[in-house]
Amino acid sequence: MSMMLSNWALSPRYVGQRNLIHCTTLFHTLTRWAKDADDKYHDINLMYENMFTPSNDNVSILQDEGKSDYDTTKTSSMQEDISAFNKDLYNFYNIGYAKQIMSASQLENIVKAKGRFVIQSLSTSPYYNLALENYVFKNTPRAKRGPDNCRLVFYINDRCAVIGKNQNLWQEVDLAKLKSKNFELLRRFSGGGTVLHDLGNVNYSYLTSREKFETKFFNKMIIKWLNSLNPELRLDLNERGDIIQDGFKISGSAYKIAGGKAYHHATMLLNADLEQFSGLLEPSLPNNMEWESSGVHSVKSKIKNVGIITPNQFIAVVSERFQKTFKVDGEIPIYYCDEFKSINDEIKDAMNTLQSEQWKYFSGPKFSVKIKDKGLTIKVEKGMIYDCDRNDLIGLEFKGFLENIDSYT
C-alpha cells in the first residue's frame with residue numbers, strides 16, 4: 001500500500017471493469033474466428049483467449065472466507081505462466097484479481113444482517129448503482145443496541161447527469177447537449193443538487209444511524225485520510241461541506257434521512273473528462289422565460305480533478321482506512337457486486353423507476369414559468385400544465401410544450 005501511494009503520480013490511468021469485459025469479448029471473437037479459419041492455430045488461439053479469461057479455479061468464494069485470490073497449483077506450466085500474466089495485468093491496472101461477485105441471495109443475506117462492511121460495485125450502470133445504493137440503505141437493519149451498522153458503498157458510473165429528487169430539471173440541465181454527448185439523465189432518490197459523472201469520478205456512500213449522522217463527518221474523515229498519506233493534496237472542507245482543493249470543488253454531496261437511518265453520498269473527481277462536462281448544466285432556454293420554483297437550485301462552483309489519484313487507488317485507500325477506523329468486532333469485509341449476478345426484484349423495481357420517464361420528467365416540485373413577451377404564465381405540477389392564461393395549453397405535458405414552444409406561442 002505505501003509503495004502504491006508514494007507513486008500516485010506515476011500510476012496508470014484507471015481502466016474500468018467494463019473495459020476489461022470489452023477486451024475479453026474482443027479476444028473471444030477473434031479467437032473463435034481464427035479457430036474456424038484454421039484448426040492448426042488452435043493451441044496458440046486458446047492461449048490468448050485464456051490470457052484474458054479469469055479461470056474459475058482462481059476465484060475465491062468470498063473475501064471474508066479466507067481463500068486465496070490466486071491459486072498456483074496448476075499442472076501445466078503454460079497455464080501457470082498465463083495465470084501469472086493475468087494477475088500481473090490486473091494488478092498493474094489496479095483492478096484487483098478475480099474478485100468474487102456476490103449472488104442475489106448473498107447480497108440479501110449480507111445487507112439484512114447486522115454488521116459493518118464495504119461494498120464495491122463493479123458495474124458502471126448508473127441505474128443499477130443508484131438502485132443498489134437504495135437497496136442497501138432501505139434494508140440495513142437498525143441496531144437496537146451496541147454499535148450501529150455503518151456501511152460504505154463505492155460505485156463508478158458511466159456518463160450521466162444526476163439531478164436531485166426535488167429539482168426542476170428544466171432549470172438544471174441542457175437535455176439536447178446531454179443527448180448529443182451520450183449522457184444519461186437520472187433523478188436520484190435523495191435531495192441535493194445536480195452532478196455529472198463519468199468513469200473518472202468515484203461515488204461513495206456512507207450509511208449510518210440517524211442518531212450518529214452528521215453531514216460533514218465523513219468528508220472530514222476522507223480529507224484527514226488522504227492528506228495524511230499525501231500532504232501535497234491540500235484538501236479542505238468549505239462551509240457547505242464540499243471537499244475543495246486550491247479553491248476548486250472536487251466533491252459534491254447529498255443526503256437522505258429515513259427510517260432511523262441516514263446516508264451521505266458524494267462524488268470525487270479524480271480523472272474525469274471535464275471538457276465533456278462543459279455546457280451540460282447550462283440550460284439553453286429562451287431568454288424571455290422567467291421561472292418560479294420551490295425546488296432545490298444547484299450552486300454553481302468551479303471544479304477540477306484531484307489528478308494524482310486514480311479511482312481504484314481512492315477506493316483502496318478509503319476502504320482500508322474505513323476498515324481500521326470503524327472496526328469493532330472482527331475485520332470489516334469488502335464485497336463486490338454487479339448488475340448481472342447481484343440483482344433481485346427490489347433492485348430491478350428501483351432501476352425501472354429510475355429509467356422511467358414518469359420519474360424523470362413527471363415528478364419533482366411545482367413550478368411556474370412566465371413567457372414575458374407573450375404575456376403568458378404557465379403553472380406545472382408533476383410535469384403537466386394545470387393552469388395557464390390559455391385554456392388550450394391546460395393538460396399538456398410541459399416536456400412536449402417546451403420541445404415545440406414555437407408552435408404554441
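Cβ coordinates come from backbone N, Cα and C, glycine included.
Annotation comment: Swiss-Prot describes Arg188, Gly193, Thr194, Val195, Leu196, Lys249 as ATP binding site. The DSSP secondary structure for Lys249 (ATP binding site) is strand. For Lys249 (ATP binding site), the same-chain residues 6+ apart in sequence whose C-beta sits under 8 angstroms from its C-beta are Asn238, Asp242, Ile243, Ser301, Lys302, Ile303, Lys304.
According to Swiss-Prot, the feature (R)-lipoate binding site maps to Lys249.
Summarising the annotation, Swiss-Prot assigns domain 'BPL/LPL catalytic' to 146-330 and lists sequence analysis as the type of evidence.
Other C-beta atoms found within 10 angstroms of the C-beta of Arg188 (ATP binding site) number 22, with every protein chain shown included.
Long-range Cβ neighbours of Val195 (ATP binding site) (same chain, at least 6 residues apart, Cβ-Cβ under 8 Å): Ala161, Val162, Gly252, Thr267.
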